[in-house]
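Participant: Quick one: the structure is below, questions incoming.
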Amino acid sequence: MGILKDGNHTAVTEFILLGLTDDPVLKVVLFTIILCIYLVTVSGNLSTILLIRVSSQLHHPMYFFLSHLASVDIGISSSVTPNMLVNFLLERSTISYLGCGIQLGSGAFFGSTESFLLAAMAYDHFMAICNPLLYSTKMSTQVCIQLLVGSYIGGFLNASSFILSFFSFLFCGPNKVNHFFCDFTPLVELSCSDNSVLLILDSFSAGSIIVITVLVIAISYTYILITILKMHSTEGRHKAFSTCTSHLTAVTVFYGTVTFIYVMPKSSYSTDQNKVLSVFYMIAIAIPMLNPLIYSLRNNEIKNALKRQLSKKTFS
């Protein structure tokens with residue numbers, strides 16, 4: 001049943017996910033579409049990771065971060081999609097209490113880590129364009145590892161705050177989550193305890209990450225733009241712009257979607273609209289699937305490395 005009664009207390013052992021639709025035919029259609037998207041997401045990001053590892057010309061800080069961004073994108077999509085695909089095939093979509101907490105935490109971890117990685121990549125572009133003579137020392141292997149570890153630690157700390165909040169919530173009976181995965185807001189609505197302090201802490205944690213990473217990105221690109229405008233060479237300007245366009249596109253897609261879902265006032269759109277937007281964010285239509293396409297189509301070094309690897313396979 002998903003609900004256990006112990007004296008005067010009611011314990012929720014599982015949650016019912018209301019999902020996107022109850023229509024059996026539409027469920028099959030959505031299952032097929034989302035499965036295809038998920039397979040493209042995983043294969044595209046794995047290909048990006050493999051290409052960077054085997055191509056010596058891509059062994060630079062920028063692509064070091066890109067390979068980890070691809071890993072995080074797989075994590076973002078995998079934290080939700082497999083369970084969602086299974087539930088499309090079941091008459092009753094459920095997730096265990098523990099599974100819900102894990103899903104919430106993994107989504108927060110990978111989403112937060114992606115924010116930090118995008119900020120680290122912006123800083124890398126800043127150093128490459130604004131301080132080219134100091135780039136090799138300022139972006140040494142040690143510095144890159146420190147930025148990477150810091151990104152994962154930041155993601156872990158933010159995820160920990162959400163996980164601790166979730167397991168502190170009291171659920172007194174209602175266990176129907178009006179979403180297709182365990183997102184924080186629908187779970188808060190089901191809780192019967194006073195969560196005001198926890199909500200403030202979690203909002204502060206998530207808000208701080210957005211503010212800090214956006215500031216790093218904005219400041220980095222402000223200096224980059226100033227430096228580019230001072231360049232006298234048209235070729236130099238074009239090369240600098242081409243270096244940044246892929247990252248700027250990924251940043252715009254990521255923060256634009258996150259802002260629409262989690263920052264805009266809830267009264268400005270319905271829960272159903274929020275669920276549809278979350279599909280774009282979590283499943284891959286907006287971020288995990290697009291990132292490999294963005295970097296492969298807009299980045300000449302990635303395209304050239306791919307051509308070289310394909311040529312080796314053809315003539316080997």
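Glycine is no exception: its Cβ is also placed from the backbone N, Cα and C atoms.
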Participant: Same side of the membrane or not: does Swiss-Prot put Val12 with Leu90?
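Facilitator: Checking Swiss-Prot: the two residues are co-localised relative to the membrane.
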Participant: Just checking, which of Cys100, Cys192 (disulfide-bonded residues) has the fewest C-beta atoms within 10 Å of its C-beta?
Facilitator: Cys192
Participant: Find the average pLDDT over the topological domain 'Cytoplasmic' (124-136) in the predicted model and report it.
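Facilitator: Its mean pLDDT is 91.
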Participant: By a Cβ-Cβ criterion of under 8 Å, what residues six or more beyond either terminus of the transmembrane segment (29-49) are in contact with it?
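Facilitator: Long-range Cβ neighbours of the transmembrane segment (29-49): 20-21, 66-67, 70-71, 73-74, 77-78, 81-82, 84-85, 88-89, 279, 283-285, 288-289, 291-293, 295-296, 302.
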Participant: For the topological domain 'Extracellular' (79-102), what are the same-chain contacts with Cβ under 8 Å, counting residues 6+ beyond its ends?
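Facilitator: Sequence-remote neighbours of the topological domain 'Extracellular' (79-102) are 2, 12-19, 27-28, 30-31, 34-35, 38, 110, 163, 166-167, 177, 180-182, 187, 282-284.
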